[in-house]
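Everything on this sheet refers to the single structure shown next.
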Amino acid sequence: GPKGLGGVRVQSSQLEADSVIKPNQAQRRHLSLCSKLCYAIGGAPYQITGSALGFFLQIYLLDVAQLDPFYASVILFVGRAWDAITDPTVGFLVTRSRWTCIGRMMPWILFSTPFAVLTYFLIWYVPPFEQGKVAWYLIFYCLFQSMQTCFHVPYSALTMFISSNQKERDSATAYRMMVEVMGTVLGTAIQGQIVGGTSDCPTEPGVPDVRNSSRINATSVSLEETKQAYLIASGVICIIYILCATVLFLGVKEKKENGRKTSELITFRQGLWLVISHGPYVKLVIGFLFTSLAFMLLEGNFALFITYSLGHRKDFQNLLLLIMLSGTLTIPWWQWFLSRFGKKTAVYVGILWAVPFMILIVCLKSNLIVSYLVSVAAGVSVAAAFLLPWSMLPDVVDDFKIKNPDIYGHEALFYSFYVFFIKFASGISLGISTLSLKFAGYVTGSCNQPEAVSFTLNVLVSPVPVGLIIVGLLILRTYPIDEETRQNNQKKMQKILESEEDSESETSALGSNV
């Protein structure tokens, strides 16, 4: 029975304490493949819901919920901005939360899941009333973002608590990235394939819109089908969300920081100051802010761009899927590339790779084969833009720890402020781009759009992102942690950890002898 197990556990912990310290350290540093995979699977819900919202929310609000572009831009901006504000707030609360029997991060992940699933489902439901529609989407979008944050900030910070060895953490991060990009593929696939086939518009951009005359009957049938399709897609995503959270909870053991005291609790303002006064962190975040913004503009407007500028209405979900698939398949290659040539080189090569293709797709006459080729090429860059910031953030955190040896336990702040800046920027970019569609004369629920809308979409997916990428890379040139610095930091961190582990093992051995 359970008592017997408890007895075995006590005996084994005494044996471990009495045994030699070194093997215990090695075993603590080693993460099993199963743990890494379970940890990685926990990252999927964030990406699945994120890619579904990122690619489809704008077109859904405009063409299915049939909101005015102005209101759609308000919802997109406020939702993202709210999401951005909740990030450091939750990060701050997480650093103050106490250790429980299931860890310090796990309770957050566990309790936020049911609420996240419910609010996500309600975003994709079109309420039967016209009057409060905008408020409906605003409230549930913001609530979902809050719940999602309570899941994702602790999950991101969990990297630091699954192992004390940077190699193991990097390896777990690579698995996580692989699963997360597969998550974006899954989100794009589920949403795109279920929703994609339900439009009743003519496929060719030149065909006049006959619907307007017999609009009432034809469209209402198709619109109901489309609404239904969006609900089915969100139901499937909700089930996957719950399964992933369960796997994470059952498969990952959060390790208590060994013998480390966390420094005294700090106020929110002190936390912010701590983070923004660390030079390498600021340069990294601002550089990636611009490059992420470029890819977010591309993501947010790509469905509309394919539909209205290129006229591939029936193919847009396949093009989106192709970008994500190509991204997933190139992640291991980027992992190899950055370990071979260093992270900074990988940033330049990976992010610049997309530029010629962004220019190409706007300059050439609409052609489906070219669009497919560009999608494959863009995916390669998406993978790099995705992997690199998360691979470089732990280096900055380690650098901070070496320079500030007396400050402990604030890792979550670095991650949450990074996510804050990125999300806030994405809110601004989505809000502005949807607003610019309104000024261009976007017609809600129509099959054809004015020439100005097509031109605006071209600008939003090519010249603007290219400019942002160039600015971002110029800023990243000043980022001081190159390969040499990184390896030196790693050696110093390893020494710090070893001395801490030695002292911890000695105290636990003493305790068990007593």
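A Cβ is built for glycine as well, from the same backbone N, Cα and C atoms used for every other residue.
Remember, TrEMBL labels are computer predictions, not curated facts.
Pulled from TrEMBL:
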type     : residues : note
TRANSMEM : 37-58    : transmembrane segment
TRANSMEM : 106-126  : transmembrane segment
TRANSMEM : 138-162  : transmembrane segment
TRANSMEM : 229-252  : transmembrane segment
TRANSMEM : 272-298  : transmembrane segment
TRANSMEM : 318-338  : transmembrane segment
TRANSMEM : 345-362  : transmembrane segment
TRANSMEM : 368-391  : transmembrane segment
TRANSMEM : 412-432  : transmembrane segment
TRANSMEM : 452-476  : transmembrane segment
REGION   : 490-514  : region 'Disordered'
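Contact between the transmembrane segment (229-252) and the transmembrane segment (368-391) does not hold: fewer than three of their C-beta pairs are under 8 Å, each pair 6 or more apart in sequence. When each of 106-126, 318-338, 345-362, 368-391, 412-432 is checked for Cβ pairs under 8 Å to the transmembrane segment (272-298), 412-432 comes out on top.
When Cβ distances are compared across the two stretches, the transmembrane segment (452-476) makes no contact with the transmembrane segment (368-391), since fewer than 3 pairs at least 6 residues apart fall below 8 angstroms.
With a cut-off of 8 Å between Cβ atoms, the residues of this chain six or more beyond the transmembrane segment (412-432) that come close are 58, 73-74, 76-81, 83-85, 87-88, 90-92, 94-95, 152-154, 156-157, 271-272, 274-276, 281, 285-286, 288-289, 292-293, 296-297, 300, 389, 393, 396-397, 400.
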